[in-house]
Amino acid sequence: MEGAHSHYRYLSSIIIIKFFSLSLLLFFTSSIQSLESSSEVISRFQQYLQINTAHPNPKYFEAADFIISQAKTLNLESQTLEYVKGKPVVLLKWPGKNPKLPSILLNSHTDVVPAEHHKWNHPPFDAHLDLFGNIYARGSQDMKCVGLQYLEAIRRLKNSGFEPLRTVYLTFVPDEEIGGHDGAEKFAESETFKKMNVGIVLDEGLASPNENYRVFYAERSPWWLVIKATGVPGHGAKLYDNSAMENLLKSIESVRRFRAAQFDMVKAGVKAEGEVTSVNMVFLKAGTATPTGFVMNLQPSEAEAGFDIRVPPTADPESLEKRISEEWAPSSRNMTFEFKQKASVYDNFGKAALTATDNSNPWWTLLEGAVKKANGKLGKPEIFPAATDARYFRNLGLPAIGFSPMANTPILLHDHNEFLNQEEYMKGIEIYESIIKEYTSYVEPTRNGASREEL
Ligand SMILES: CSCC[C@H](NC(C)=O)C(=O)O
Ligand SMILES: [Zn+2]
Ligand SMILES: [Zn+2]
């Protein structure tokens, strides 16, 4: 009896051991499989990063060919629009089951800012993957990551058999880094865009050093101001009023007082970066130059300075214009001014270009829900401090949300050694998978509670 019992125990332990080794084997096989597929995903990201699309000579057609080849593997419709020669806009389409419903536009730009190669630890177009999983490349954060994450999310959805109700469009646009005038601006004004019947646009955001993704509902308008002073020239040893330098310095003092007051509100935590008007002097031009240097004993008759000003959509642009003409460049002090760029804070209908972040905007609520479902956390919605292509869509009165899913990542756009960790990149794909699923499945409810789709 005793022997039979121990024999039974022996057999059952063998069965248990076999069961565990089989599960272990299955576990490792599936990990290896997912490791393989994630390495393919990362390798596609590296390929895109390796295409040098830096200004002033971006390889736009190489980037377009790469995107189109990816689109083919996904069975997406593709077309290349060339509003300006040499500047392709690649438009991809994943048709929805109900083409009458407003569509979703996922936008990204293909260009990147130049890099000072010798100041990087890894060459900026090698897309080097280091031991920590960090991928170093210009564009890894701004914003080739987002462009390919959209595509990888679609790949996963397609592989799972998902079919969207709404149509998804993707645009890969040129020239964002130099203003977007020959890219997103022309596209947003086009007949093609009108026919797409877009309901919501997603565009770029910024990395977040903490666990909360940053998300943007508006942006500050760039005003690039040049002020010029003229004045009486004279001997460098003479004290007199109304020299060009003195006239310009009075303006600079006034600008600095304004700047400090705005910055103090940010420092005190009263306002966020995007909620104040920033002004930074970006050049100073004056003096009488000779081949051996500036003349030191001559007060020049002309002096000028340039300022990068960013105006939030919540600011009063008229009062800032008044300040510029009365305090920063008053004609009474022999001053003139011109704008190299002056984007309106209003949309085409004269309203502040803001995308609602409450339940009046279903796309906002859906985004919040989708990020949560994918185990991501959103920070408080912000005003983007600089300019993105999203402004061209908001100007048309469309909702546009700036979002680049990069948490726990230092903000390195336009910086040396820009990188993104591969795990963060993979997590971002899951986030977009969730967003695209929610967005494309959304059916607008009607007053009586039924959905428009049912009617
Ligand atoms: C004014 S067009 C240039 C666009 C650029 N965008 C970013 C994100 O740096 C900027 O705000 O300076
Ligand atoms: Zn960008
Ligand atoms: Zn940029």
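Heads up, the Cβ atoms here are built off N, Cα and C, so glycines get one too.
Under the heading transmembrane segment, TrEMBL lists 7-28.
Positions annotated as Zn(2+) 1 binding site by TrEMBL: His109, Asp142, Glu204. Within 10 Å of the Cβ of Asp142 (Zn(2+) 1 binding site) there are 27 other Cβ atoms, across all protein chains.
Annotation note: Asp111 (active site) sits in a coil segment as assigned by DSSP. Of all Cβ atoms in the shown protein chains, 24 besides its own fall within 10 Å of the Cβ of Asp111 (active site). Look at TrEMBL and you will find Asp111 tagged as active site.
According to TrEMBL, the feature Zn(2+) 2 binding site maps to Asp142, Glu177, His414. Other Cβ atoms within 10 Å of the Cβ of Glu177 (Zn(2+) 2 binding site) number 19 in total over all chains. Following the DSSP three-state reduction, the secondary structure of Glu177 (Zn(2+) 2 binding site) is helix.
Here TrEMBL flags Glu176 as active site, proton acceptor. Taking the Cβ of Glu176 (active site, proton acceptor) as reference, residues of its chain lying under 8 Å away and at least six apart in sequence are, in sequence order, His109, Asp111, Gly183, Ala184, Thr388, Asp389.
Among the features that TrEMBL reports, domain 'Peptidase M20 dimerisation' is placed at 218-326. Across the domain 'Peptidase M20 dimerisation' (218-326), DSSP helix (H, G, I), strand (E, B) and coil residues number 37 helix, 39 strand, 33 coil.
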Other residues, Cβ within 8 Å of His109, Asp142, Glu204 Cβ centroid (Zn(2+) 1 site):
Ser108, Met143, Val146, Glu176, Glu177, Asp203, Thr388, Asp389, Ser404, Leu413
Relative to the Cβ of Glu204 (Zn(2+) 1 binding site), which residues of the same chain, six or more apart in sequence, are found under 8 Å away?
Ser108, His109, Asp142, Met143, Val146, Thr388, Asp389, Ala390, Gly402, Phe403, Ser404
Residues that sit under 8 angstroms from His414 (Zn(2+) 2 binding site) by C-beta distance, when 6+ apart in the chain:
Val113, Asp142
Using a Cβ cut-off of under 6 Å to any atom of ligand 2, determine which of the recorded positions Asp111, Asp142, Glu204, His414 qualify.
Asp142, Glu204
Starting from the Cβ of His109 (Zn(2+) 1 binding site), draw a 10 Å sphere and report how many other Cβ atoms land inside it.
26
